[in-house]
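A short worksheet on the structure shown next.
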Amino acid sequence: MNNIFHGTEDECANEDVLSFQKISLKSPFGKKKNIFRNVQTFFKSKSKHSNVDDDLINKENLAFDKSPLLTNHRSKEIDGPSPNIKQLGHRDELDENENENDDIVLSMHFASQTLQSPTRNSSRRSLTNNRDNDLLSRIKYPGSPQRSSSFSRSRSLSRKPSMNSSSNSSRRVQRQDGKIPRSSRKSSQKFSNITQNTLNFTSASSSPLAPNSVGVKCFESCLAKTQIPYYYDDRNSNDFFPRISPETLKNILQNNMCESFYNSCRIIDCRFEYEYTGGHIINSVNIHSRDELEYEFIHKVLHSDTSNNNTLPTLLIIHCEFSSHRGPSLASHLRNCDRIINQDHYPKLFYPDILILDGGYKAVFDNFPELCYPRQYVGMNSQENLLNCEQEMDKFRRESKRFATKNNSFRKLASPSNPNFFYRDSHQSSTTMASSALSFRFEPPPKLSLNHRRVSSGSSLNSSESTGDENFFPILSKSSMSSNSNLSTSHMLLMDGLDTPSYFSFEDERGNHQQVSGDEEQDGDFTFVGSDREDLPRPARRSLFPSLETEDKK
């Protein structure tokens, strides 16, 4: 026994074979307690195998023998008989020294197989490892039916990915021929729609709004480079625009302080039309609504026929009567619209420098009336323009509640077919229509026309044929008054008040009527005469209830 385990090549072969068995099967042979528990596996009878299984085993054995990682003496020992129990007992004492070398050899063998198929996924690697473990177990235990079944099952599983790979290759061929599956067609359609929408959005957003596409240039602020003295209003926290004094305005207009830094200087008068007509700064423009402001300074710049070749920006000076509310509000709206248009060119703008005239037109008129034409001053709350002031302020308040944002002002500012292009024409037509509507002369409604039964010749009222009596009894009927289209409803209601007796003698307690001669009637006042109160007919009662009147007479 000692000659078998010492100093021969068979000893080394047996040790290597047992190490492969321990690593692949993960059997507890390393623990001495479990040695005799696994001895029964060596005495199991060999199961019957088919010829197909034997051929597969022989092929795998040949492939394993031809591996470059195995030595010649190992291949010889694998073909030998299985070791006995004593050899296993002695092998357990020598396993600890050779575990490291065997692990390295086995890992190199598995690595060589994985390198041959680098495109396999993790599931294929696990199947390959199980296949290698089953291969080693079948080499050691060729008669075990359980191991052969697991080996054949692993081979059947390992063949499925190859079938899938062949089907994938056939699909690739079909795609090259132009036959695309429906799923890929839908995905390609979605991708094309997304790309088309992005292209349309970029083209739509860049074509109307890009200043360079229409020849419009945007500029940066150069107010700090100029010699214009400006300051900010500390009393109003919402005022973000610099302010200038009336003296600075005079120097800009007369001494051309901004000629080297600005292409031109424009003064915007935000007062109402009647204020501007009463007196304004020379060469100023009257704009008192947001629509007019957008049309003059945004639409004309974007959609003008002539290209803008200016290399310098335009300086804007905005004011109202006191430059406290209307002027700063319109200046803020213009800056907001300018920022929306030039959002891709931040911080450049069409009008980077906007100044507020501190004190407004009143301060200029008080200090430098020679700058005004005509040299007059009409206030907003002037007595002769109270109605116009109230109407214009209502419009201005409604406009101030609207905020210009990117969503609600994007197409309004950029569209060339905006109705604000015709703002001035429509405004002028509306003013002419209003003036023509108010040009008629006011005439009061005609006076009441009363029909009388008997009226003297000196009376101005309509009279019927005289019967010779001096006394007369006027007949007041609503039917005669309703026939006249000039009478109003209030006059009709006035007739109801005539039903009550408006004439009686306060001297007589019974209410006898006064008797007046016909000569006294000619003085101009109506005097109703009757000997008895019942003799006077009541027109409303007679017209509404004629039957009651006849009963009363009876």
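In case you wondered, yes, glycine gets a Cβ from its N, Cα and C as well.
Annotated in Swiss-Prot:
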type	residues	note
ACT_SITE	Cys320	active site
COMPBIAS	119-130	compositional bias 'Low complexity'
COMPBIAS	138-171	compositional bias 'Low complexity'
COMPBIAS	456-466	compositional bias 'Low complexity'
DOMAIN	261-373	domain 'Rhodanese'
REGION	72-93	region 'Disordered'
REGION	111-192	region 'Disordered'
REGION	449-469	region 'Disordered'
REGION	510-554	region 'Disordered'
### the residue listed as 'active site', number of other Cβ atoms within 10 Å
25
### Message
Within the domain 'Rhodanese' (261-373), count helix residues (DSSP H, G, I), strand residues (E, B) and coil residues, in that order.
### Response
49 helix, 24 strand, 40 coil
### Summary
For the domain 'Rhodanese' (261-373), the averaged pLDDT of the predicted model is 92
